[in-house]
Amino acid sequence: MSYTPMSDLGQQGLFDITRTLLQQPDLASLCEALSQLVKRSALADNAAIVLWQAQTQRASYYASREKDTPIKYEDETVLAHGPVRSILSRPDTLHCSYEEFCETWPQLDAGGLYPKFGHYCLMPLAAEGHIFGGCEFIRYDDRPWSEKEFNRLQTFTQIVSVVTEQIQSRVVNNVDYELLCRERDNFRILVAITNAVLSRLDMDELVSEVAKEIHYYFDIDDISIVLRSHRKNKLNIYSTHYLDKQHPAHEQSEVDEAGTLTERVFKSKEMLLINLHERDDLAPYERMLFDTWGNQIQTLCLLPLMSGDTMLGVLKLAQCEEKVFTTTNLNLLRQIAERVAIAVDNALAYQEIHRLKERLVDENLALTEQLNNVDSEFGEIIGRSEAMYSVLKQVEMVAQSDSTVLILGETGTGKELIARAIHNLSGRNNRRMVKMNCAAMPAGLLESDLFGHERGAFTGASAQRIGRFELADKSSLFLDEVGDMPLELQPKLLRVLQEQEFERLGSNKIIQTDVRLIAATNRDLKKMVADREFRSDLYYRLNVFPIHLPPLRERPEDIPLLAKAFTFKIARRLGRNIDSIPAETLRTLSNMEWPGNVRELENVIERAVLLTRGNVLQLSLPDIVLPEPETPPAATVVALEGEDEYQLIVRVLKETNGVVAGPKGAAQRLGLKRTTLLSRMKRLGIDKSALI
């Protein structure tokens, strides 16, 4: 019966050995455990692991010496020309005496790595038929190994092969994992800094934000952005110093460019990393670093801010500890400098636009509105409630498309602000949004205002007029109170939405337009469609992406924010110095119903600001009277058998002698609002004057 190496140890013995070796975290520990096992088994006095590095043609050596620290050599050339090279070409067990060992590999004997021994054995470590090293066993006495002992050593070697491969794989995986984690963290830092700086158009704010982020992530205490001044040979320096971590100091100054380290970077367009000493020949403003930080040695990193081939400025970072500027951190700081360069470019462009706005009033109107709102994607919208968060998420989702949006909500909920936010976030925000209130325009003029008219199209049309749809070409048109649009005008609006074309009044020329429509109403369009007061086809065309604005009573947590914002805005406008609102007032405001929503709240706050004496808002809450909601009257007549709506209205009008409103009017008897009855009469073609 042939001998199986592992059977000699027994199942439990093999399990114990395997478990012991598998528990080792690294190769040094593995070698230590292996040495102890072979000593206890009286198989050898010492053991070592030699790994072959095929790419570099070198070897790594791990050994354990009694009463000594573990021995570890990596990337060794001398070891690579030792016994391990022999088993690579002839994968058999290598066995020799000390004299034979020294004669074959004298360089190893001269190196003192191997103390005098009796017998030496090297068995190949292999995985999937590939030899990647060897396992050394040494006896210090003259006893040779028996065949049985060789077999046991072979068993140990097989286990060590598996464990070594696992440890190496784990090391590679850990390195890869650490690399991925570092890349992930670096990406998060880049995203955070990009988001923080790209919206800053004021240079002071930009530098402050850049400094805050770099200090937070890198613990760098002195951050500056250096730009060339419009004055020749001068530099504008925007600096932030974190002498006090909680209260950083911000400075702006102008200095001479000549002889500065910044000048060197402007010329070379390359990063400069340098250790500064107080005895160095430095420009005055650079020497101030030692005054600021107590004469400590400064490490200075200057990164060019490039926009294409144009040098915009320099990001200057100073730190007392050189270890901050590691290779990894420098690579990340270079990428941060690229983002900062974009932000600086934007800020400089903004400054140029601001300088030219007096000369370009008409052309810059839309751009000025956009820049005024650039610090907030949602302009003047105030709210942190879940209801408003849901609305703003919908705004973000639909803004970049050209889909029609229908904004639904009670009066005073801020439908126009939502429409403006959609426009500002869209690709059409380089042009001004055109607005129109359908309820504020007489029906006879609404068509002319929307579509324009030619000269002489009707009495009083003395000149051609461009309508809102033409003005809104390549932009957005906001139709407020679209539910009040007359029925006879609705088909023409539908045609524009479907065909993107229309005709001016008094003209048969078709005008093409590219308009994104945003409509709003506080009315129930579904009910109006059911009552035949609104066209169903237009409703479905408008209702592509409805956004429901919550009334103020459904987001009471936003009321304190709104109250504070209105108070400070109105006080500033009226020249009042009001800087606080009593907590009890805010609680009371939050518990009110606000049928007029945000608009009503703003009006109440404005009245309170006018009446306040002092710097604390004084609000007389008993003066606020909430109107009862209007309810339709109860009907006092019913339709007779076989009588339709037309016949019923005609009969009641005859009974009231054509009187529609009032306590004895037809609307009261039918249980309808006056406006509802008039709308139905118009739809049914009923002329009350013909009935009297």
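Counting begins at 1 with the first residue displayed.
Cβ atoms here come from the backbone N, Cα and C positions, even for glycine.
DNA-binding region is the annotation Swiss-Prot gives to one range among 143-162, 583-602, 663-682, and that range is 663-682.
LYS415 (ATP binding site) carries a helical DSSP state (H, G or I). GLY412 (ATP binding site) counts 20 other C-beta atoms within 10 Å of its own C-beta, drawing on all protein chains shown. According to DSSP, GLY409 (ATP binding site) sits in a coil region rather than a helix or strand. Annotation for LEU479 (ATP binding site): spatial neighbours MET436, CYS438, MET485, LEU517, ILE518, ALA519, ALA520, criterion Cβ-Cβ under 8 Å with sequence separation of six or more. Helix, strand and coil content of the DNA-binding region (663-682), in residues and according to DSSP, is 14 helix, 0 strand, 6 coil.
Secondary structure at SER476 (ATP binding site), as computed by DSSP, is strand. Among the binding-site residues LYS415, ASP473, SER476, the residue whose Cβ has the fewest other Cβ atoms within 10 Å is ASP473.
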